[in-house]
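J.: According to TrEMBL, the signal peptide annotation covers 1-19. Positions annotated as domain 'Partial AB-hydrolase lipase' by TrEMBL: 52-116. Residues annotated as active site, nucleophile in TrEMBL: SER191. Look at TrEMBL and you will find ASP365, HIS396 tagged as active site, charge relay system.
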Amino acid sequence: MSAHVVALLVLVAVAGSDGILNLLNLPILNPLLDLLLPLQLSSNDPEIFMSTPEIIERWGYPVQTVQTNTTDGYILTMHRIPYGKASPTNATNAMRPVVFFQHGLLCSSSDWIINLPNQSAGFMFADAGFDVWLGNMRGNTYSKAHTTLNTSSHQFWEFTWDDMMRHDLDAMIDKVLAMTGQSALYYVGHSQGTLTMFTKLSIDQLFANKIKKFFALAPVVKLKNIKGLLRAVGDINPLLSLYYNNFGQDEFLPSSAFLDLAAQYGCGLEANLNPICKLVMFSIGGPDTRQFNSSRVPVIISQTPAGTSSTNFIHLGQMVTSGKHEGYNWGSDAKNIQHYNSTLIPIYNISTVNVPTYLFTGDKDWLANPTDVQYIRSNLSSEIVMLDQRLLGYNHYDFTWGLKAADDIYKPIIKIIDDDQ
């Protein structure tokens, strides 16, 4: 049995209450091709088949690909835009403020360059004079390598966001600071990229010294009140855990040629009406808020989902069920000791976070549900919450893919960092 079975279990669970997912009632994804064949070619955008570096280069920006190893052997890939188009050619040697962007669940570095240059955070920040770094957590499209394991090994996929927090953040941030010669940077996280950072800052003060300011977009810490696909994961979490215990874990919702085909043939200008596009775009993050550039939807679909481990999804389902900000229960005392040096899983406390934090939240967000976000507000010290921006009409992915994000989020952050120099 493969991770597609896990995906199927989750999707079928949602299908009962969400018509968007009714088309996934077959044991494999390939029959969906029958839905695509009658469709006309809806997009011939070459970016559908491009990687993050290729998209960056296509728009005339410099790009570097940098790899770093975690202490447990994963090889992570980061993408760097060292300067904007208007910068002098020797600007790579300048002491530019470093801004590090970390993607959310099932996403990748492409999130930050997915729209046009005047709408994408990566390009906007580079043009504003910053040294831009785009991270990729273990297991996604760009970070599927290991010093001793390969992706066909179950052991490769034995990780959750807790491992990303403990290992990936250190590896990437330390590499960036070493290469730029700076002692600290600005961090912009979305979704899971905020969950890992909030947790890391709560337990590691030495690491906290490396973060000048933390900009949390669609922040996630607890998942008790979420809706959509992850709600279903929580509801059937015992079944998923049973599958894991008997068959091991594997990759969950990776990028694939199928998604590229769906993007090219099924997600054109009428993407808001297409069930395939709705399946991919709105089953997790919330309802269609009409913020997407319809011409970019095929590119978004081709890049996302970018994959993670089945175990990571089960961990999130565990948090839905428990309502707690906690580590993953590995199912046995021995495994918990291996990961936590304790038979008990850790319960995290964000009240110890002391890095200046800026919250950007949305009222239509299913994953960073407003009720759960209130827990973050209530538990962070008022002295470190520098901004609490509540955005109307934002679902979970409008923070990275939405057209209003440039004015509502990116430009204000650029000004905050500029004023800090």
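From the backbone N, Cα and C atoms, a Cβ is placed for every residue, glycine too.
What TrEMBL says about a protein is an automatic prediction, not a curated fact.
Could you place these features in context, so I can see how deep they sit and what lies close by?
T.: Taking Cβ-Cβ distances under 8 Å and a sequence gap of 6 or more within the same chain, the neighbours of SER191 (active site, nucleophile) are HIS103, GLY104, LEU105, CYS107, LEU217, ALA218, VAL220, LEU367, ALA368, HIS396, PHE399.
Under 8 Å, Cβ to Cβ, and six or more positions away along its own chain, ASP365 (active site, charge relay system) finds ALA218, GLY285, GLY286, VAL373, TYR394, ASN395, HIS396.
HIS396 (active site, charge relay system) falls outside any helix or strand according to DSSP and counts as coil.
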J.: Provide the three-state DSSP residue tally for the domain 'Partial AB-hydrolase lipase' (52-116): helix first, then strand, then coil.
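T.: Going through the domain 'Partial AB-hydrolase lipase' (52-116) residue by residue, I get 15 helix, 19 strand, 31 coil.
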J.: What three-state class does DSSP give SER191 (active site, nucleophile)?
T.: coil
J.: Is it possible to get the count of other C-beta atoms within 10 angstroms of the C-beta of HIS396 (active site, charge relay system)?
T.: 27
